[in-house]
């Protein structure tokens, strides 16, 4: 059997399984790869291949994550599954595996449990845009009314966290029976795949979003002007277009008079490329690392935001002691550290290493940000936590 060529023609969508421990997330992941491979071609992955997840580093944090891939006739999916609850928390907060949609696995035998709730809340905070529910272990429940009750509970829970609970697709299945090849349960996996295809819209590609380039370096070229360098995060910048310099200082407008890559002149710079952008009428000292170059009006500078944060444990190289209100670490956004103060939720006196917590941060300088922006928390250059902007306040 020859290796299939990787087809770039299909839309690529990132998904993952979330939900309470032992509700069958990994079994479902194995079942999806197995049933879809059998039906549409591709390679199946066994439970134990997925379960011993390799370690990865994201923003200085070690996370165990398994990545599998599968295809439906219309799409290619990259699917992430994590072995432990802490790995999910870290994964979602660091954005190590950004999800275009998530499959929430709920055992019909248990109904929603504490981690079910926590994963839904995290999904809301970190901006997982779509959820599909897979009610697992339905082969173990004979009572149709009980199944309806569990479905109702899950829908209410999703609605409580601002997901459209009444409209979300719910598939009642059995991952284990599907893995064992029982036709009626295999059909439920095909039904789930159908919802992945139809309910999760095709994600907007980075190159189609408004232009943004985090500035890494600035230098002046005599007779030509000031050049900023960095990797284009999203969108396209064309020679002759207006851009804004946002963050740290007052926002300033300029015009891109040249784009270069590897000393060659280009007419545009695109998402993913490392480029130098020549700016008209800007002095070397007017601009610094940590600012961004962006399409005018597309992003604003902010200082205060609500965030969802994971604090590294001592074993992960984090702090050895808790911190209290009045804690003033550095917050690392894209290319620079900014000092900030924190406000803990009511009734929370201290935060222990290994905790995840919601907190309001106020920075000493404004930074260009939108909801969903990831950051690291650092003390003297050492990462002690990771976070995501849940909601910009001011």
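Backbone N, Cα and C atoms are what each Cβ position is placed from, and that goes for glycine too.
In Swiss-Prot, the feature region 'G1' is placed on 19-26, out of the ranges 3-10, 11-18, 19-26. As annotated in Swiss-Prot, region 'G2' covers the listed stretch 60-64 rather than the other ranges in 45-49, 50-54, 55-59, 60-64. According to Swiss-Prot, the feature region 'G4' maps to residues 136-139, out of the candidate ranges 128-131, 132-135, 136-139.
Ranges compared are 77-80, 81-84, 85-88, 89-92, and Swiss-Prot records region 'G3' for 81-84. Comparison of 19-26, 60-64, 81-84 by number of C-beta pairs under 8 angstroms to the region 'G4' (136-139) places 19-26 first. Cβ contacts within 10 Å of residue 25 (GTP binding site), excluding its own Cβ and spanning all protein chains shown: 26.
Cα separation, residue 82 (GTP binding site) to residue 26 (Mg(2+) binding site), rounded: 8 Å. The average pLDDT the prediction assigns to the region 'G2' (60-64) is 80. When the alpha carbons of residue 19 (GTP binding site) and residue 26 (Mg(2+) binding site) are compared, the span between them is 10 angstrom.
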